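Trainee: Sharing the record's features from TrEMBL:
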| type | residues | note |
| --- | --- | --- |
| DOMAIN | 44-293 | domain 'G-protein coupled receptors family 1 profile' |
| TRANSMEM | 29-53 | transmembrane segment |
| TRANSMEM | 65-85 | transmembrane segment |
| TRANSMEM | 105-124 | transmembrane segment |
| TRANSMEM | 145-169 | transmembrane segment |
| TRANSMEM | 201-229 | transmembrane segment |
| TRANSMEM | 241-263 | transmembrane segment |
Amino acid sequence: MEPGAWRNRTTVTEFILLGLTENIRLQPILFVIFLFAYVITVGGNLSILAAIFVEPKLHTPMYYFLGNLSLLDIGCITVTVPPMLACLLDHQCRVPYAACISQLFFFHLLAGVDCHLLTAMAYDRYLAICQPLTYSTRMSREVQGALVGICSTISFINALTHTVAISVLDFCGPNVVNHFYCDLPPLFQLSCSSTHVNGQLLFVGATFMGVFPMILISVSYAHVTAAVLRIRSVEGRKKAFSTCGSHLTVVCIFYGTGFFSYMRLGSVSASDKDKGIGILNTILSPMLNPVIYSLRNPDVQGALKRVLTGKRPPE
């Protein structure tokens with residue numbers, strides 16, 4: 001290859017995102033809806049963080065992980081929604097090549113940590129219910145920090161691999177992305193070069209970031225269910241299951257939308273269905289998490305009331 005060829009590999013300097021709709025009349029309505037969703041999501045997750053910070057009862061491993069999950073949810077929705085809102089205001093969405101690749105990297109980084117953090121939370125519930133006598137030593141602060149560090153490292157490697165792999169592809173023709181943010185499958189469709197390796201990497205990444213964590217979560221909850229069923233008192237069973245119900249609901253929403261988005265590698269053309277799944281994955285899931293975790297949790301509800309009213313927690 002000639003020395004100057006590398007500079008000319010990617011002739012596309014920007015991508016045009018079609019967004020959720022090309023109907024100009026609908027765009028102001030969508031702007032208000034998604035601005036409201038963004039404010040609610042960020043506010044809800046910041047409230048969860050504040051509640052965990054001010055309430056001594058919530059200074060436990062489960063809420064340490066929940067606090068990290070709230071930070072990730074704020075990050076995930078911030079990577080995708082504000083740029084989309086700007087596009088809705090401008091009635092067009094031109095994204096520079098570098099900005100598109102950066103958005104892809106950070107989205108996969110944050111979503112990947114989310115995947116593995118949910119696995120760490122399942123492991124925490126397993127230790128708390130199945131190994132209560134050794135729980136405090138097995139889930140010490142050092143272990144909590146190490147688990148978050150491992151989750152972040154795995155996700156960073158996965159996101160960087162996909163980013164590097166797509167950055168070496170040729171984009172020399174169409175530059176219109178049928179989506180509201182930059183993601184791997186829509187960009188694959190625009191490449192002039194073969195995306196076979198990228199598709200294989202996406203499959204392997206989905207396995208490590210989705211299938212393996214889901215197996216670990218299932219095994220953890222199989223042990224938890226068996227342990228809870230051995231509890232004789234009905235109240236004891238309810239209390240044990242109540243600590244797991246919120247987490248299982250979040251897992252089902254997060255992994256359900258994620259698998260539907262990234263495991264359908266045989267689907268070639270992007271569609272409005274993919275945009276709908278994208279909304280569920282990037283907006284609805286982070287918005288619902290604070291509601292799910294506080295709905296049936298009196299400790300979180302009490303802490304949130306104290307945060308909102310400015311009262312100090314009881315000594």
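Glycine residues also receive a Cβ, built from the backbone N, Cα and C atoms like all the rest.
Distances, neighbours, how buried they are, the whole picture for these features please.
Mentor: Long-range contacts of the transmembrane segment (29-53) within the same chain, counting only residues at least 6 positions beyond its ends with a Cβ under 8 Å from a Cβ of the stretch, are 20-21, 59, 63-64, 66-67, 70-71, 73-74, 77-78, 81-82, 84-85, 88-89, 283, 286-287, 289-291, 293-294, 300, 303-304, 306-308.
For the transmembrane segment (145-169), same-chain residues at least 6 beyond its ends with a Cβ under 8 Å from one of its own Cβ atoms are 9-10, 65, 68, 101, 104-106, 108-113, 115-117, 119-120, 123, 184, 187-188, 191-193, 195, 197-198, 201-202, 205, 208-209.
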Trainee: Who are the chain neighbours of the transmembrane segment (201-229) in space, where the CB to CB distance is under 8 Å and they lie at least 6 residues beyond its ends?
Mentor: 112, 115-116, 118-119, 122-123, 125-126, 129-130, 154-155, 158, 161-162, 165, 184-185, 237, 240-241, 244, 248, 251, 255, 258-259, 262-263, 265
